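Colleague: What follows is a structure written as structure tokens; I'll ask about it next.
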Amino acid sequence: MLRPSTQRYSVTRPLYSEDTFEDEHAKVYRKHKRLLDHFIQYFTCTSERAKNTAVSLLPIIGWMKIYSIKDWLLNDIVSGVSTGLVAVLQGLAYSLLASISPWYGLYAAFFPVIMYFFLGTSRHISVGAFPVLSLMVGAVVTRLVPDEGLPANITAFEGLTKDEQRILVSASLTFLVGLFQLGMGLLQVGFIVMYLSDTLISGFTTAAAVHILVSQLKFVLGLTVPGFSGPLSIIYTLKSLFTQITSTNIHDLVTSIVVMVMVLGVKEINDRFKSKLPVPIPIEVIMTVIACGVSYAFNFSENHGVDVVGKIPNTFESPIAPSLQVFQMTAVEAFPIAIVGFSVAFAVAKVYSVKHDYLIDGNQELIAFGASNIFGGAFKSLAASTALSRSAVQESTGGKTQIAGLLSALIVLVVILGIGFLLEPLPKSVLGAVVIVNLKGMLMQVVTVPYLWKKDRPDCIVWVGTCLAAIFLGLDLGLAVVLTDLQFALALFSVFLNLRQIYEPEGVKIFRIPSPIFFANIDFFRDKLKDAVGFNPLRILRKRNKAVKKIKKMIKKGELTLTSVQSEDESNMEDLDKPTDYSDLPIQVNWSADLPANIRVPPVNIHSLILDFSGVSFLDISALKGLKAALKEFIRVSVDVYIVGCDPYIIEKLRNCKFFDDEIKTSIFFLTIHDAMLFIHESHPPKTVSEEVNKTV
């Protein structure tokens, strides 16, 4: 802090009117391009642009050039096998949500993966069936082909069995979802996902988890319950369940309970000892094998009336053309499915891209998933996205690229063509139990409600409103609440621009935020802040931590110089995001000087960052988390951050939400830019003329 004797505020400057101020400080105007300029730029082709376009449309070209067979291939093989086993089980289980035969879920773990391998920008997500999407597809399937009564009047249904009619609806819907996603990707509207807040998505996915839980109870209890769709469908389903509760199949119930207890217990062990286990214990696969063996040995299907998976064809079925009549009847549902599938996949991909330090492209992801669903729909696949648990397996087992995804598809191929018959005695109650266990993460989101109520009641109301609407009105109408909030976000969205040229002393960057910060623009804010300072603090932090590890290793070995520097093992990327650990380092590292062993770390050309919050009137929970992460990134690379002109209401909200800790303190707030500059000059005195001359010489 400033010494008491120097805590004085003194300003001497000319008297300014707006006119005289603008004469001395010119405004910065953006050059607005005409429509013709955009047209010419879009259709201008150069060799560099053609190369970039090819890499953009086929991201596989980019990462294959840097693929290290020695360092990555073994990891991808282990990850691919592990993910493939999980994908088989989840494919069978999630197909039940769509009210179609189980083996069609396996197609979702094969065909879309092949297409995403070439077109996707994420190296770590596992493409395939996703429970929320499967449930939304199932609602459409049961609406057009109900369990009881006549199907919809569709010409293509003539001569088909009920199962074949449902497959036609599912495949056509998947094809249409792919068309919507591909169209949005070509129109470059991938930015739409930034307008879906974390709070809102959390409420929606929690409601979806409730729907999924209720839909699986009929398999766990061994009951026959007709499918319901539309508002209050969950109430009708529960009513049908309770009226038949006395007819519960005890063998199904006991089997489900045993599977759920075992899977939950071992998953807890996996989470607690993940740093010590080379790979997570594949308990779901183990329990499936045991359940198949027990069911076959005791002939559960015939002796005890247990509903099993049944015949699995050992070949791929012929592709089919989608039905235009189904397109017309499902267009309203297809668009929300396309949005939800892409939003979830992009959110997961973004987490892993930040963790492993590479870029993903929202528009290219839309194109990739669009093409994947079109390709999959033609081969009767379910709508594809990514499942969080399956992607976690692919990443945590060491997967480096989508080669792991390709290998997982090969495992699925082996099951379909070779050993699928071994899964025929598998009870559907086991699949239902696996689905319910995997809902734990989504259902546990409800614990955020008390926190939101205490810290941000508007966000809490959004969460509860979205969740209740999706539960009682159905997922399609519930998503309408999401899209209503999207319109609100679009109305509030604004850009960050400094309208005037301002003087910035050497080593200081002043960044002005002229609007509220909330879920829709927090990522834009962070990107613009990085552009303004000219570097990515998280990337520099990781390079510094790698450099410190290398220097410590050199000192320990007694090496003074190294001819080459090998890249550090990045298996534990979380350690690289923590503050640099200088313990056990007998020397002080000057990051502005040359480092030993040809270690290269990008320089940081500022020591202080001032954020002008005078225009910030609102800050929500999502933005608060993003702001805290951004500030810590700068603080950890030795950039002092100061916030000026902040509304007292926002400071109080930051206190209530536990924003401050050992790294971010309340002392970073100042009343004005001038106050912050006085403090910075005290901490970092400006160079004298002789120092500047010596630096030049």
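Heads up, the Cβ atoms here are built off N, Cα and C, so glycines get one too.
Heads up, TrEMBL stuff is auto-annotated, nobody curated it.
Fair warning: this is a prediction, and the values are worked out from it, not measured in the lab.
According to TrEMBL, the record shows the following:
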type     : residues : note
TRANSMEM : 73-97    : transmembrane segment
TRANSMEM : 103-120  : transmembrane segment
TRANSMEM : 127-146  : transmembrane segment
TRANSMEM : 166-187  : transmembrane segment
TRANSMEM : 199-221  : transmembrane segment
TRANSMEM : 241-265  : transmembrane segment
TRANSMEM : 277-298  : transmembrane segment
TRANSMEM : 326-349  : transmembrane segment
TRANSMEM : 403-423  : transmembrane segment
TRANSMEM : 429-453  : transmembrane segment
TRANSMEM : 460-480  : transmembrane segment
DOMAIN   : 498-680  : domain 'STAS'
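How buried are the listed features, and what sits near them?
Modeller: Same-chain residues lying 6 or more positions outside the transmembrane segment (73-97) and placing a CB less than 8 Å from one of its CB atoms are 103-109, 126, 128-131, 134-135, 137-138, 212, 215-216, 219, 279-280, 282, 284-285, 288, 309, 382, 387, 389-390, 393-395, 397-401, 403-412, 415, 423, 426, 428, 431-432, 434-435, 438.
Beyond the transmembrane segment (127-146), the same-chain residues lying 6 or more positions past its ends with a Cβ under 8 Å from any Cβ of the stretch are 87, 90-91, 94-95, 97-100, 105, 108-109, 112-113, 116, 120, 152, 154, 157, 162, 165-166, 169-170, 173-174, 205, 208-209, 211-212, 215, 226-230, 233, 326, 329-330, 333, 336-337, 340-341, 344-345, 369, 372, 382-387, 390, 405, 435, 438-439, 474-476.
Nonlocal intrachain contacts for the transmembrane segment (241-265), taken as residues 6+ away from its ends with a CB within less than 8 angstroms of a stretch CB, comprise 214, 217-225, 283-284, 287, 291, 300, 304-307, 427, 429-430, 432-434, 436-437, 440.
Counting only same-chain residues 6+ beyond the ends of the transmembrane segment (277-298), those with a CB under 8 A from a CB of the stretch are 78, 82, 85-86, 89, 255, 259, 262-263, 266-267, 269-270, 304, 306, 308, 393, 396-398, 422-423, 425-427, 430, 434, 437.
Packing against the transmembrane segment (460-480) from elsewhere in the chain are residues 132, 135-136, 139, 197, 199-200, 202-204, 206-208, 210-211, 229-235, 332-333, 336, 339-340, 448-449, 452-453: each is 6 or more residues past its ends and has a CB under 8 Å from a CB in it.
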Colleague: Where else in the chain does the transmembrane segment (403-423) make close Cβ contacts, counting only residues six or more beyond its ends and a cut-off under 8 Å?
Modeller: 67, 72-73, 75-77, 79-81, 83-85, 87-88, 91-92, 103, 106, 109-110, 113-114, 116-117, 125-127, 288, 292, 309, 312-316, 394
Colleague: Which sequence positions outside the transmembrane segment (326-349), separated from its termini by at least 6 residues, show Cβ-Cβ distances below 8 Å to it?
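Modeller: Beyond its ends, the transmembrane segment (326-349) has Cβ neighbours at 121-122, 124-125, 127, 130, 132-133, 136-137, 139-140, 144, 152, 154, 156, 168-169, 172-173, 176-178, 180-181, 184, 190, 192-193, 196, 201, 204-205, 360, 362, 365-366, 369, 373, 383-386, 388, 391, 475-476, 479, 483.
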Colleague: Count, for each of 103-120, 166-187, 429-453, the Cβ pairs lying under 8 Å from the transmembrane segment (199-221), and report the range with the highest count.
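Modeller: Stretch with the highest Cβ contact count: 429-453.
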Colleague: Which whole-number mean pLDDT does the model give the domain 'STAS' (498-680)?
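Modeller: Mean pLDDT for the domain 'STAS' (498-680): 78.
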